[in-house]
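For reference, the structure discussed in these notes is given below.
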Amino acid sequence: MTFLETIAHIVDLVPVLLRVTTPILLAALGVHISQKAGVLNLGVEGMMLAAALAGVLASAASGSAWVGLAGALATGAVLGFLLSFAIHVLKADLILSGIALNMLAAAGTTLVLYMLTGDKGMSGSLSSGVLPSLAIPLIADIPVLGRLLSGHHVLTYLAFAMVPVVAVLMMRTPFGIRLRAVGESAEAAATAGIDVARMQIAALVLSGLLAGAAGAFLSMGYVSWFSQNMSGGRGFVALAADLMGYGSAWGTMAASLLLGAADAFVISLQGKGIPSELLQSLPYIVPIVALVIHARARRKRFVRI
Amino acid sequence: MIRRTLAPFALTVLVLIVAVAAVLIPVALATPDPIGMIDTFLFGPFRTFRHTGNIVEMATPAMLCGLAVALMFRAGMFNLGVEGAFFLGALATAAIVILVPLPGWAMAPVALAGGMIVGSSACVVPGVLRNRFEVSELVSSLMLNFAVMFIGLYVVNSVLRDPSAGAMVSYRIPADARLPRIVEGTRIHLGTIFAFLACIAGSIYLFRTKAGYESRIVGANPGFAAHLGLPIRSVMLRAQVLGGTIAALAGGIELLGLYQRFSWQGLPGNGWTGVVVAILARDRPLLLIPSALFLSYLQVGGDLVARNHDVPNEVVGLIQALILILVTASAITRSPRLLALLSGKRKEGHA
Amino acid sequence: MAAEPIIRFEAISKRYPNGTEALKGVSFSIEAGTIHAICGENGAGKSTLMKILFGLERATGGTIRIDGQPVDISSPRAAASFGISMVHQHFSLLPSLTVAENILLGQEPRRGLLVDRKAARERVAALAARYNLEADPDARVAGLSVAAQQKVEILKALSRDVRVLILDEPTAVLTPPETDELFRRLHGLRRAGITILFISHKLGEVRALADRVTTLRAGLLSGDAAMGDISDAEIATLVMGTTKTVPPLREPHGFGAERLRVDNVVLRSLAGADRLDGVSLSIRAGEILGIAGVDGSGQRGLVSVLTGEVLPHDGDFHLDGRSARGCSTAALRKGGMAHLPADRFHQGSARTLSVVDNAIAGAHRSSRFSRGAFLRVREMETEARRLISDFSIRCPGPRAPLSALSGGNAQKVIAAREFATAPTFLIADQPTRGIDIAAAAFLQGRILDMARQGTAVLLISADLDELLALSDRVAVLYAGRITAVLDNGPHLTPERLGPFMLGLEDAA
């Protein structure tokens, strides 16, 4: 392979990498916000799944993919609110409530899908929309740069645009500072007159919105259907991405890209003689290995007394 | 006095009734025959002996998975690898009976033992990672479940697959390896007895052995355990090894008890049921038995409704999720007002 | 008309639901623009009084007047509206936020949707300049020294319109030069018109700082005077009391061989209150060594070293002649150490477990309570019943959860467990703090019994009456050093200990 061909090959991989990173990054940013507020959103997986179905249903009912997106976002937000309701009003356990939300979504999506279409597995009979990819007018025509920057999915642009937005939200706005204060010490925040419950509700609703966008990408990004359990653990991968992100939105993006790269790698190897099941297990093994490496690096920074 | 000690129990029953009603009634109203559906769901499981037997069959893995979860939660470990351990335990058991030439009497014990060793890794690996590197056992176990599933499917597809069968299923499990049925007219098998005994043994372990005692102390208050000089890390790891082993054994027993071939195309969900069973039983091994029977009763009701009323049995998943939230909701289960109401106690000065 | 005092306490009482009377009708005034010290032993009621003033607790009787007007201070927010702010002993700062973010938390200046960082920086700079407390607004709090963090905490308190600043033992976490520095700043604040309420144990500091001192003892006002009108000895007497209410329980007796020996132990801890700066001690069999000292003088560090929780940076300690440095808690316990911890719910017990479980834990590996892998449950329950009756523990039964017991009875369960191991060395850390008098007297008697049977006892207590009643010798810990080791006897009184505890004298 010549040098140029190698370059071309790598350039070809970039769109794939960005595509598979998109749902992980969106969800991971959502987890990031919740974790900063001290209410780790373990229900992110279920939120994605429910939003994916809601997007398809809203899109099929209205005939518009954008209405579908709105439906997905709203579903994520509502589930985020329900999770905070369980924690703050019912005083249920944070982790178990998150698990319950995932169970609720797994069962609920199948039930709703069946009741509406008569099919438990796929939403093929519903004609739902696909959200568009965007070609950026002038840049699209530049040889390599065009391939790198243009032609991605609208939600891919959104995901990467959300990184600075979330970073600024968390670091530079009164809202973000208070949110972080609540997560770090609810008691100290309350002494400063901050309403802890309200901040945590807001964090989970925001987290749900981002998970909703991730869900919409799954069912309306490149395909136009919902299938049972289509989130496939990406929410949990997003949890890992957040843990590895050193508590910052940019770090979360780097971790999401790393975990997305495992996904992209798998896709690039497909059809090359490696059993597909083994390939499919890689995106879940890589985060575990990455967490171990991350934990060891983190530990070196502590000095034993 | 008796009423007062029973009040928390009564409250739990009330919560369960609310959870079932909250899901069942709206779903029923969406069907053409609401009364008939509810009737089938609630009473169908008891109309025939076979269906009642189904409850006990399904309670078998539920009890064992619940036990696995309870032992880990008791030690303060939020390890959710039970799902993966159950799947992998069943698969490894199937692989051994299919691939290893063994005399008939040795098949089941050897295969189950092998399944335990292989399958437990889904809980043990997160446990070791927590122990050595302080990686959250919660997150790593969730992901390992998926990795285990795909690797397992690879093994089924490439090693165990019976080309003569239409679907992606394994070769037949030899008849000698299957666990004997013990109740005529049902599929209740030897494993059920084992599950009952395991719950009793779990209770003995937690409350009557040194190791169980230490795990309860670590789970209740790690600071206290440190004060006593207990080996906290190894206690935590031990709980996860035990939990993984039991969950893997549950998978093997389920396979040899009820299946002709290994035919799962994904994670079967028994591990999550185990979480609900354990939480409902408040991590007490003996209470796992009624808790598992109750959830299995819902499962059988759901299956009957699915067959007769065109409502998918995912209804049960909704009820389970609701139970999980409501049972842990301390605003409800520890509400002094509700407890006072149920114990018939008048309002007193102190809480 | 003479100016009204800025704050006037009138017959303030506080009675807790469990019957403890923390304050019994305390009245005094605080003049505007002064530094007013409040002194008292632990449990004298000074913290309760300040919590009432800051709106964290409600008085059960009496009135607070501000500028002569009776006021109702129902929450810290209400206190803030009256211009009252408090700097807590344990800082309420958020380590990952910057100095400016901490100071302006909840009142951030905005520009559009964002925090106006420039305005924030300027506000902090103006605040810092006004009160002469320099701070880098962009520094992360996590990276600051304790003294710098305290400045931030004070600035945070001053950032809202403040007239009265409460400082709760502000020097506990500081080194001497940092303390001097703080005092200069506080004098500056007074010049800026702020009234300061200063809570302290340390007489030297009170002398250096305050204009007026109020002393509390056992919930009652014991003194109130301008600093110029009162001597240190008089303040010490007012704080400690003159008459001993409890006659010494100690009978003279001989001691055995040296059981515990601590040689020059150094612990450099992040928390100043844990620091040890070359501590040496010796306890013989049958001897009770009392550790006197105000809270946060290094007691916690000493206990965590002796229980194997942390490794000292330097020095060694020996149990029965064998070096125990680097031994785990388990090894030390095996070697005869027992520990009645000060924090009975985080360390001493598990509230959700039963009385039996709490009473036997630790001894469960012995052949008495186990056979092979199994516990001898009946044996455990029999023993628990025996301990319950032996220690007169009032509880619904051995299987009741520990949470069903009162504090005194829970402490008895813990003591019963620790004493039952027949230790050669016992650490009793605040053994009777916060429990009822009967239970306290009972436990004191048991500690004496242990010594009589040859146990070497290290007794740490904030209650000087208890120390003087039980100890054979008293060592005084001040700022991580032993400042005196005194033989107990009729001549040893709180007044004699006071100067050592308060850092005025150093015999070492």
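Note that Cβ sites are derived from N, Cα and C of the backbone, with glycine treated the same way.
All annotation found in TrEMBL is predicted automatically rather than curated by experts.
Note that the coordinates shown come from a computational prediction; the quantities given were computed from them, not determined experimentally.
What TrEMBL says about this one:
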{"type": "TRANSMEM", "residues": "A:6-31", "note": "transmembrane segment"}
{"type": "TRANSMEM", "residues": "A:38-60", "note": "transmembrane segment"}
{"type": "TRANSMEM", "residues": "A:66-87", "note": "transmembrane segment"}
{"type": "TRANSMEM", "residues": "A:94-116", "note": "transmembrane segment"}
{"type": "TRANSMEM", "residues": "A:154-171", "note": "transmembrane segment"}
{"type": "TRANSMEM", "residues": "A:201-223", "note": "transmembrane segment"}
{"type": "TRANSMEM", "residues": "A:235-258", "note": "transmembrane segment"}
Mark yes when the transmembrane segment (A:6-31) and the transmembrane segment (A:235-258) have three or more Cβ pairs under 8 Å (sequence separation 6 or more) and no when they do not.
yes
Relative to the transmembrane segment (A:94-116), the stretch among A:38-60, A:66-87, A:154-171, A:201-223 with the most Cβ pairs under 8 Å is A:38-60
Give me the stretch from A:6-31, A:66-87, A:201-223 with the greatest number of Cβ pairs under 8 Å to the transmembrane segment (A:154-171).
A:6-31
Give residue numbers and ranges for long-range contacts of the transmembrane segment (A:66-87): same chain, 6 or more residues beyond its ends, CB-CB under 8 A.
30, 39, 41, 43, 46-48, 50-52, 54-60, 94, 97-98, 100-101, 105, 128-129, 131, 197, 200-201, 203-213, 215-216, 219-220
Beyond a gap of at least 6 residues from its ends, the CB atoms lying under 8 Å from the transmembrane segment (A:38-60) belong to 23, 27, 30-31, 67-76, 79-80, 83-84, 87, 94-95, 97-106, 108-109, 112-113, 116, 123, 126-129, 182-184, 186, 200, 203-204, 207-208, 211-216, 218-220, 224-226, 229-231, 233-236, 238-239
